[in-house]
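K.L.:
A single structure is presented below for examination.
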Amino acid sequence: MQSWSDTALPSVPGQGPPLRLYDTADRQVRPVTPGKKATMYVCGITPYDATHLGHAATYLTFDLVNRIWRDAGHDVHYVQNVTDVDDPLFERANRDGEDWIVLGIRETALFREDMEALRVLPPKDYIGAVESVNEVVELVEKFVASGAAYIVDDAEFPDVYFRADATEQFGYESGYDRATMEKFFAERGGDPDRVGKRNPLDALVWRAERPGEPSWPSPFGPGRPGWHIECAAIALNRIGSGFDVQGGGSDLIFPHHEFSAAHAESATGDRRFARHYVHTGMIGLDGEKMSKSRGNLVFVSKLRGEGVDPAAIRLGLLSGHYRQDRAWTDQVLEDAQSRLKVWREAAALDSAPSATDTVARLRQHLADDLDTPKALDALDGWARRAIEGGGSDTQAPGEFADAVDALLGISLR
């Protein structure tokens, strides 16, 4: 699947401290220690409703990780999937009387446009679930052969399920107890009451063909992949096991990320799918959770269509800490627009105070679990001093603009 256009990053003098991120599995902030090549997998959209601000906030978070790694000289191998075969996609297509393939193609194209407008660096591998069906089939075959998965006794719909107890470490990523797992499993796409399952938490890895649904051939009959196994297969076949960062929204911790890790660990025998599990908070609107069911989603494309500068959208989403649930309001956008105006005014000056210390503080705050509120405050301080007329460094405005571009993804020129 085609990604979107890359952009060259300005070179910024100096070097920041090593990146530290909160690890969901370890419940603490700890160093991220990639080698020369840094590897990251971030779960992509299901293309039927793109791109709302919750999506955007997640991809902006991991764009910062990508930029920090590049700034440190790493070669970044970033992989992102598109869940272009899944129940919500079919449901939306049926509701609107539209072909699910056409819907998926259109929404994926819109997502790419939004990401490019927001200046999100593209993944090296941008892979649709449809493209990876053969990889999923290979994994499911392995699971069935090893006993990690089984076919339910159902002559009409012989689905294949992965045993929740197939790995002894299952549950380490979320840290949830059984009751919490069962609650989220039922709420987030699971089927605990499916007749024939051995354990309510067993996860679907191959859905037998149903009328009106797409299907692909397999040794266990025609059907399509389950959700969690798609990410396991895509990641394993591109960056392998033990990659540096797996990312996504906090609503993916369980069951999606817990099971994708369990699938991969069962296949490889490794104890840990990713070295770091990183999750972003949810975005609300005016004090309410932003969700499809509430009908209060705010879309990047709608804001762009209203003439809002994508840099202001980006800056507004970066104004809160990535791990916090936070609200999007008119005031957040207005504050971002005002901040952007001040920064651009400062970057256009002929001279200003030295920006060296400010750039160092920007790097320091971003390296400390992506502390964007402190990073933005540091930049605000320099911009105010510059506009007030202090400083005679003719290189400083350009250095400031380059650092904001390279590290935050915001163009001031």
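The backbone N, Cα and C atoms fix where each Cβ goes, and this holds for glycine too.
Because the structure is a prediction, the values reported are computed rather than measured.
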K.L.:
Kindly point out the range from 187-192, 193-198 that Swiss-Prot annotates with motif ''ERGGDP' region'.
P.N.:
187-192
K.L.:
Among the residue ranges 45-55, 166-176, 243-253, 353-363, I'd like the one that Swiss-Prot describes as motif ''HIGH' region'.
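P.N.:
My reading of Swiss-Prot: the motif ''HIGH' region' range is 45-55.
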K.L.:
Taking 104-108, 254-258, 289-293, 394-398 as the choices, which stretch does Swiss-Prot tie to motif ''KMSKS' region'?
P.N.:
289-293
K.L.:
Tell me which of 1-21, 211-231 corresponds to the region 'Disordered' entry in Swiss-Prot.
P.N.:
1-21
K.L.:
For each of the binding-site residues (Cys43, Val82, Cys231, Ile283), count the other CB atoms lying within 10 A of its CB, then report the residue with the highest count.
P.N.:
Cys231
K.L.:
For the C-alpha pair, I'd like the distance in angstrom between Cys231 (Zn(2+) binding site) and Ser250 (L-cysteinyl-5'-AMP binding site), rounded off.
P.N.:
16
K.L.:
List, by number or range, the same-chain residues at least 6 past the region 'Disordered' (1-21) whose CB is under 8 A from its CB atoms?
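P.N.:
Distant contacts of the region 'Disordered' (1-21): 29-33, 65, 67-72, 82, 108, 112-113, 115-116, 119-124, 126-128, 131, 245, 276, 278, 356, 359-360, 363-364, 366-370, 399, 402-403, 405-407.
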K.L.:
Rank the binding-site residues Thr58, Ser250 by the number of other Cβ atoms within 10 Å of each Cβ and report the first-ranked residue.
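P.N.:
Buried the deepest by this measure is Thr58.
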K.L.:
Over the motif ''HIGH' region' (45-55), what is the model's mean pLDDT?
P.N.:
93
K.L.:
Quick one: pull the CA-CA distance for Trp227 (L-cysteinyl-5'-AMP binding site) versus His256 (Zn(2+) binding site), whole Å only.
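P.N.:
Given the Cα positions, Trp227 (L-cysteinyl-5'-AMP binding site) is 8 Å from His256 (Zn(2+) binding site).
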